[in-house]
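Beneath this line is the structure, given in structure tokens, with notes to follow.
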Amino acid sequence: MLSSFQGKLARNGDERKPVICIEGNIASGKTTCLEFFSKTSDIEVLTEPVAKWRNVRGHNPLALMYQDPQRWGITLQTYVQLTMLDIHLSATSAPFRMMERSIFSAKYIFVENLFKSGKMPEVDYAVLSEWFDWITSNVSIPVDLIVYLQTSPQVCHERLKQRCREEEKVIPLEYLESIHQLYEDWLIKRTSFPLPAPVLVIPADHDLQKMLHQYEENRDKILAASQV
Ligand SMILES: Nc1ncnc2c1ncn2[C@@H]1O[C@H](COP(=O)(O)OP(=O)(O)O)[C@@H](O)[C@H]1O
Ligand SMILES: Nc1ccn([C@H]2C[C@H](O)[C@@H](COP(=O)(O)O)O2)c(=O)n1
């Protein structure tokens, strides 16, 4: 249930818990990072609902988008926006919540990439932007810290091939380069879109063992920085 809080719709009856969003390119290691933190009892981890994006009532909008972005980009991104909003508004039992990406990166990175690369008609971009602006003006979507897993597109391309998700076999290196550039403009150069929260950058090209060590080293910093 939603109620009104400071003029915006907000989740009812929930004590406000710190929200940490893990951001990064496709196959940068976000899920692996979340798996690591899911072993900590005081953190509730919420992964991206990719299973829903691959199967909505028997349809696979993720596969359709990669096959024909001009036609199906808006279909996927409308559904991503809805499912991410649902996650932002879901109840939390643990003291901290850590989620994979956000409604903000869905718009500022993926919708933007489709539009800028000429793969989304202007009218579709306008409709998605109207929805996004309405949601963010009328719904309270608190984010307290962004953890950016900063990778090179080449490393992501290698990890993507290794993961071997069927829909993603068509993704070329150039696609990951565009997503990387948009992330860098947003979270590092800070020249594109507003930041919903402070940013902690973790270099993430390293092997798994080193990454897990870095997560352990950053655990207290992440939890402290997310407490407002
Ligand atoms: N530091 C790492 N070094 C090598 N491979 C990794 C590393 N982190 C993750 N992987 C592998 O790369 C692939 C993508 O990682 P994943 O966590 O699913 O990325 P994301 O959730 O960002 O898409 C998976 O096969 C995963 O096992
Ligand atoms: N707004 C979004 C979010 C994600 N995707 C795609 C990109 C990947 O193919 C897949 C899941 O991403 P990952 O967690 O593996 O980085 O969904 C998209 O097209 N639009």
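Note: Cβ is positioned from N, Cα and C throughout, glycine not excepted.
In TrEMBL, annotation is done automatically, which means it is predicted and not curated.
Taken verbatim from TrEMBL:
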DOMAIN    20-223  domain 'Deoxynucleoside kinase'
BINDING   Gly24, Asn25, Ile26, Ala27, Ser28, Gly29, Lys30, Thr31, Thr32, Arg159, Leu160, Lys161, Gln162, Arg163  ATP binding site
ACT_SITE  Glu100  active site, proton acceptor
Using a Cβ-Cβ cut-off under 8 angstroms and a sequence gap of six or more, which residues of the chain neighbour Thr32 (ATP binding site)?
Leu208, Met211
What binding-site residues among Gly24, Ile26, Ser28, Lys30, Leu160, Gln162 are found with a C-alpha within 10 angstroms of that of the residue listed as 'active site, proton acceptor'?
Gly24, Lys30
Per DSSP (three-state), Gly24 (ATP binding site) is strand
List, in residue order, those binding-site residues out of Ile26, Ser28, Thr32, Leu160, Gln162 with a Cβ under 6 Å from any atom belonging to ligand 2.
Ile26
DSSP-derived class (H/G/I helix, E/B strand, else coil) of Leu160 (ATP binding site):
helix
Secondary structure at Glu100 (active site, proton acceptor), reduced by DSSP to three states
strand
Does any of Ser28, Lys30, Leu160, Gln162 have a Cβ within less than 6 Å of an atom of ligand 1? These are the binding-site residues; tell me which, or none.
Ser28, Lys30, Gln162
